[in-house]
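For reference, TrEMBL has these:
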ACT_SITE  Asp409  active site
ACT_SITE  Glu544  active site
BINDING   Thr633  Ca(2+) binding site
DISULFID  Cys473-Cys502  disulfide bond
REGION    109-193  region 'Disordered'
Amino acid sequence: MHPPSRQDYVSISLTGQGSGSYNNSKHWRRQSCWRKWKQLSRLQRSLILFLLILLFICGISSYPTVTEHLKGLTDGEQDTDSNSVLKPVIPHVLPEPVKQGHPALPEQLSQRKLSNKRGPPILQNRLPKKENASSTVPEDKPAGGKREGEEEGVISWRGAVIDTEHATEGTKDQEKEDLPADPEAKSSKDSEASWLEEVREAFRHAWKGYKDFAWGHDELRPISKSYSEWFGLGLTLIDALDTMWILGLKEEFEEAKAWVTAELTFNKNVDVNLFESTIRILGGLLSTYHLTGDTLFLDKAKDIGSRLMPAFNTPSKIPYSDVNIGKGTAHPPRWTSDSTVAEVTSIQLEFRELSRLTQDPQYEAAVAEVMNQVHKLDGKLDGLVPMFINTNNGQFTHQGIYTLGARADSYYEYLLKQWIQGGKKEDQLLEDYLQAIEGVKKNLLQKSSPNGLTFVGELSHGQFSPKMDHLVCFLPGTLALGAHNGLPADHMDLARQLMETCYQMYVQMETGLSPEIVHFNMHQGSTRDIEVKLADRHNLLRPETAESLFYLYRFTKDHKYRDWGWKILKNFDKYTKVSSGGYTSINNVRDPDYPSPRDKMESFFLGETLKYLYLLFSDDPNLISLDQYVFNTEAHPLPIWPSTA
């Protein structure tokens, strides 16, 4: 009997895998990995878990170092020399247009690290200070995070715009800032050339704004990139004609001349202010004629001069303030029949010169009558005049108030300058001037506490006020001019003292720019000499201090006056320069973080301020020689008449 047979194979059936075919799904692989993990010994599993935990802890601890390193690399790409002591100073320029609304937060400076030694501190993302109620407000930003019209390569900062395009130009700007206090420590020729070019560059920048946004109009509004009209006569352009010629900006001058030739007309139904039109337009055209010899400007001067004459058709021969140059009519302001004394007595240089050139005596006769009447009037105090005069009866009004500031200032200036213009022959003018200066010394001159700054205050019905307008800073230059022409030597001593005071009105402000009005402390124990009321903190780019610095340097050659002027110019650049072109007046000289631009560039910034700074920095005594020319109150040089003796 045979035993049972064996089978040589084993048949295995797999179930639970669907159709029985090979399945490579992730679920199946996870089950497979789990079986492998379970197959490991407990020691092996513990070791793997320990290594994973250790790697995780190391990763967490090293993360801040890695990210800081990566951030440093990113910053390094944008500013490779942020820690270098040779990093150039980046000038502050004011922002693009502002709109009404809530202040926008300034840009954060993640792209650039600024040195704490110069320029602004590390930028902070905070609202601007609101120390002045009339501050302008930064515009709201569009979604892209950039102000409308803002140029590439600028970073905004608390109402300023830092121009990064100039940050790679090496140490040029810092070298300018680091010029020694005494220019003689450097090559005088190099220093002079550099400073003169800085003024030219400032003029070009201001002119660019005017040309781009206000061409042919009266004044530039640089923040809003627009213009404002006063008379509609291209005021800034005419005011700047002789400045361009003196600065050697021939291309810009030819552009302006072409406009005068083709576009300037005075046959317009428009009211103009007699004083402002005389000193800016008539004075500017006469000066440009003398400098260039081009009769185009003389013809235009004759035209405007004749159209201003109806202002003198008054019962008293004291001119009205306003003239319609198209209709040939004139009238006082709507609210009064008075004119200001400064206005009616500061048109003489221009009309006298117009008579000399045209051989028509009517112009000189009209303004001489005004001076003769003021000379004889009652109501003066030791040669000091009240601020108003009535056009009907020719008498002083609002008597008892005496100032060398607004509404009276240029009366004193023109007493001296008419005497110089006429060849020092008109003794009445000289007598009135000398008496007035003695009146200033007796009634208006005081010293501040604690540092004893000499200043010129005001008198109101016997009460002294330690208030001094920036306008009064014409006086040091006028005193120096008188001393140069043979007047008492103590006039120059007083000029030096007042020049120091006017400079302190700049350096004691946080922006290094003077306010419109200051009050001096006179009480013992005062901690600072100068106080500024909130409403007086604006700066209008005025020229009076630059004017006096020019005279003081021209006559003394004391280099400190040039150094002072240089610092003032750099602060104009720092706080009033607008990146798209032009300079703006500001509301608050006490707040360097947010000086609050007013969106206006006065014509006298080009006509006077930059001209006087250029002449200050020039060592050429024949560049508008003060023995051959006398400046009108708008800085337009007119010739001293040749002697006929």
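Note: Cβ is positioned from N, Cα and C throughout, glycine not excepted.
Location within the structure of each feature annotated in TrEMBL.
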residue	record	contacts (Cβ under 8 Å, 6+ apart)
Asp409	active site	Ala342, Thr403, Asp469, Leu471, Val472, Phe474
Cys473	disulfide bond	Leu498, Cys502, Met505, Ser514, Glu544, Thr545, Glu547, Ser548
Thr633	Ca(2+) binding site	Ile279, Ser346, Ser410, Glu413, Tyr414, Phe474
Which of Cys502, Glu544, all recorded positions, has a Cβ with the fewest other Cβ atoms inside 10 Å
Glu544
